[in-house]
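Annotated features in TrEMBL:
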DOMAIN    1-94  domain 'Neurotransmitter-gated ion-channel ligand-binding'
DOMAIN    146-198  domain 'Neurotransmitter-gated ion-channel transmembrane'
TRANSMEM  141-163  transmembrane segment
Amino acid sequence: MFLRQYWNDTRLAYAHRGYNQSLTLNSKKSELWVPDLYFINEKEGSFHEITTPNLLLRVNPTGRVTYSQKLTVKLSCNMDLKKFPMDQQRCPLEDGKLDDLELPEFVTPPNISTENRVVKYLTGNYSYLIATFYLNRKSGFYLIQTYIPSILIVILSWVSFWIDVRAVPARISLGLLTVLSMTTQSSGALGQLPRVSYI
């Protein structure tokens, strides 16, 4: 994602000196104050530094600072999977901005709600941003890999009712084949599903 922050630092204003061009200070980042931003629900994150650090630090004559950088962030999101794979999830991104979010397993609606909060700690008040996005799971993979094969196996098991009653080996073979197929398919599906304590 591209994370872009804006703030005013009057100590960096230089309009009174007659210079009206914005300055790009990428190499001076370590010498300037930058907000201490962190993601509360972050599991893993990294900065992009190929071939040079992907950041922009620009100061305009009035002291307004634009700070932009490219990040990769892996966030935690507690999901309720009771309706899996026809589920809908609500996941917050705490402290950040989302544009053009795209996930391979979910359909994401275009509207993302944002909310500003202030958190009070002993050391002072801190601003807090929550971006909440709603995910609708794409169920096509599960239809093709689980539902349709299961339906076909169940239909195949019904064929044994039309086999002659005296053809015992054929009926037993067909019944055993469908049970083994369902067992193999369910064990394969369970290997891909998250481990939850509810049905």
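Every residue gets a Cβ built from N, Cα and C, even glycine.
Unlike curated records, TrEMBL annotations are generated automatically.
Remote same-chain partners of the transmembrane segment (141-163), defined as residues 6 or more beyond its termini with a Cβ less than 8 Å from a stretch Cβ, comprise 85, 105, 170-171, 174-175, 177-178, 181-182, 185, 189.
The average pLDDT computed for the domain 'Neurotransmitter-gated ion-channel ligand-binding' (1-94) is 84.
For the domain 'Neurotransmitter-gated ion-channel transmembrane' (146-198), the DSSP-based tally of helix, strand and coil residues reads 41 helix, 0 strand, 12 coil. Residues in the domain 'Neurotransmitter-gated ion-channel ligand-binding' (1-94) partition by DSSP class (helix H, G, I; strand E, B; coil) as 12 helix, 39 strand, 43 coil.
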